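Colleague: Quick one: structure below, then a few questions.
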Amino acid sequence: MMRCAVKGGGVGVVGRGERRSSASGTGFSSSRSVVRMPEDRGLCCGVRSRAADLAGVEMGRPNAVAGAVFRSPRYGRVRATAGVDPEDILPDKVQAKSSGNVLPYVGVACLGAILFGYHLGVVNGALEYLSKDLGIAENAVLQGWVVSTTLAGATVGSFTGGALADKLGRTRTFILDAIPLAVGAFLSATAQDVRTMIIGRLLAGVGIGISSALVPLYISEISPTEIRGALGSVNQLFICIGILAALVAGLPLAQNPAWWRTMFGISVVPSILLALGMAVSPESPRWLFQQGKLSQAEAAIKKLYGREKVTEVMYDLKASGQGSNEPDASWFDLFSKRYLKVVSMGAALFLFQQLAGINAVVYYSTSVFRSAGITSDVAASALVSAANVFGTMIASSLMDKQGRKSLLITSFSGMAASMLLLSLSFTWKALAPYSGTLAVVGTVLYVLSFALGAGPVPALLLPEIFASRIRAKAVALSLGMHWICNFFIGLYFLSVVNKFGISTVYLGFASVCALAVLYIAGNIVETKGRSLEEIERALSSPSKADTSRAGAFLVSDE
C-alpha cells in the first residue's frame, strides 16, 4: 500500500517499507511551516488534494492535517482530521461503487410520513359525520378538542421521540412508535363516545409526533451523500401523499355517513407494516458507531451500501470523532455555548415555516375558493394538495442540484409575493373584479412556493447540520417548535382574522416571509454534496480561523 508524506515544498509518495524522517522523528515536521502544493502536483495516492488549488496549507505539528481536504471526483471530499493518520486513507476506498440499495428502507420509513399526513388530514372530512354519531354536533368546543388533541399529542411525541431514538436506536423506536399509531387509529374508528375519540386522537398524535422527528433523522443517516437531498425531501412528499390519501378516503362519505369509521381504521394497516418493515431494516450505522457497536455498524453499512463501502464509511465515522467517549447529550446540552447557535437555526427555520402562514392558508383556502365561485370543498382541497405534491416533486429533483439554501430563499421569496398578492386582492379596489381569481391564484402559488423549499428543507437540513451527539434531541426540539406553533395558529387564527381582517393578516405573513429570506441568507449554510461527517467536522471547528474555513467549505459550489 502507498501512503502520503509531506516533504519540503511538495507531496511525496512513500512506500510501506520507507519512512521519511525529520528532526522530530515523525513523518511531518514538528516546526511550524507553510507547505505550498503546486497545482500540477496535487495528487496523492490517486486522490486530488483540494490544497493543491489553494495558495498553501499550513502545517503546525504532527498529524496537523485537520485543514487538509482530499477530493475524489467520484465521491467528493474526504477530510483528514487531527488524530487520524493519513496512512489510513486507502487508495481503493474512494474508488468503490455501492452495490447496496437504501431505497426499500427509505420506503419503509416513509410509511411514518404517510401516517403523519393521513392523521392530520383525515379528521377534516370526517368531523361533520363523527360529530353527529358521537352527539357533539352542536358542541364546537368538543369538536375543537377532537381536532387539536392530535396536535397536542404530536408536541409530546416529538420530544419523546428524540430521547427514545438516542436510547433505543432508530429502528426500535419506529417499532415502538407503531403502537400508539395503531391503537390510536383503532380507538378512533371504534369510538362510541367523544372521550374515547379524544384518547384515540391523542395517541395518534403522539405517534405522528415521534415519526415527524424520526423519519427525516433516519433517512438522513442512511442516505448516500450524493442523493441525500432527494431522499430527504421524499419525507415531505409522502406527508403530502398522506394528506391526499385522507382526502380520497373521504369521498364515499356522501353516500355512507358511517364511512368515517373506516377512514380512521384504514391507518391501522400502514402502522403494522411500519413495525414489520423496521424489524428487518438496518439500524443507522452512525447511531451504532456512536454506541461503540462497531461490528454491527459494519454489518449495517454492508446491508445499506454493499461490502465495498464498509472501509470508506467506517473511515468517515472515525474521522468525524463520532466514536469519542463523550456521553449522549442531555436536553440542557442543547442550550450550551457549544451547540446553541446551530440549535437556534433549527428552531428558527420551523418558526419561520409556521409563522409564514402555511396552515392558516390551508385552513382558509375553502373560504377563499368559495369567494371565487368554487363551492366544492373537495375541489378546493384537491387543488391545494395537488399544488403541494407537485411542488415537492420539483423540490426533490432540485435538492441535490440547486442546494438547500437557494431553495429556501426562492421558496420564502415566492411565498412573500403570493401573500402580497392575496392581501391586495382583498383590499385594492382596482382588482375587485378579479379578486376571486387572484385569490385562488395567490393561494395555489403560495402552496407551490412553500412546497419548493420551506416545506421539505427544514426537516432535511436539520439532521445534516446537527452534530451526531445532539442530532436526535435537537431535531425533536425543533419539531416541538413546529407543533407548538401549529397548535396556537390553529387555535387563534380565526380570532385574529376577525379582529384585524384577512388582508392585514396576510400582509403580516408576507413580512414574516421577507424576514425569513434575510435570516436564511445570513445564517444558513449550504450542505449539498457533503457527507454528514464532513458537515459536522466543519461546523465544529474550534477556532475562528477554522470556523471561517468551515463556512467557506460548506458554502462553496463545485
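Every residue gets a Cβ built from N, Cα and C, even glycine.
Where the annotation comes from TrEMBL, it is an automatic prediction and has not been curated.
Pulled the feature table from TrEMBL, pasting it below:
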TRANSMEM  102-120  transmembrane segment
DOMAIN    105-528  domain 'Major facilitator superfamily (MFS) profile'
TRANSMEM  140-162  transmembrane segment
TRANSMEM  198-219  transmembrane segment
TRANSMEM  231-253  transmembrane segment
TRANSMEM  259-280  transmembrane segment
TRANSMEM  342-366  transmembrane segment
TRANSMEM  407-426  transmembrane segment
TRANSMEM  438-462  transmembrane segment
TRANSMEM  474-494  transmembrane segment
TRANSMEM  500-521  transmembrane segment
Colleague: With pairs fewer than 6 apart in sequence excluded, do the transmembrane segment (231-253) and the transmembrane segment (500-521) have three or more C-beta pairs that lie under 8 Å?
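Modeller: These two stretches do not touch.
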Colleague: Over the domain 'Major facilitator superfamily (MFS) profile' (105-528), what does the predicted model average in pLDDT?
Modeller: 86
Colleague: For the transmembrane segment (102-120), which recorded stretch in the set 140-162, 198-219, 342-366, 438-462, 474-494 gives the largest number of Cβ pairs separated by under 8 Å?
Modeller: 198-219
Colleague: Take the C-beta pairs under 8 A between the transmembrane segment (231-253) and each of 140-162, 198-219, 342-366, 438-462, 474-494. Which stretch has the highest count?
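Modeller: So the stretch in question is 438-462.
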Colleague: Based on Cβ pairs under 8 Å, which of the stretches 342-366, 407-426, 438-462, 474-494 lies most in contact with the transmembrane segment (140-162)?
Modeller: 474-494
Colleague: Going along the chain, which residues at least six beyond the ends of the transmembrane segment (342-366) come within the CB cut-off of under 8 Å?
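Modeller: Those are 334-335, 377, 380-381, 384, 408, 412, 415, 419, 443, 446-447, 450, 454-455, 457-458, 461-462, 465-467, 470, 474-475, 477-479, 481-482, 485-486, 489-490, 493, 497, 502, 505-506, 509, 512-513, 515-516, 519, 523-524, 539, in sequence order.
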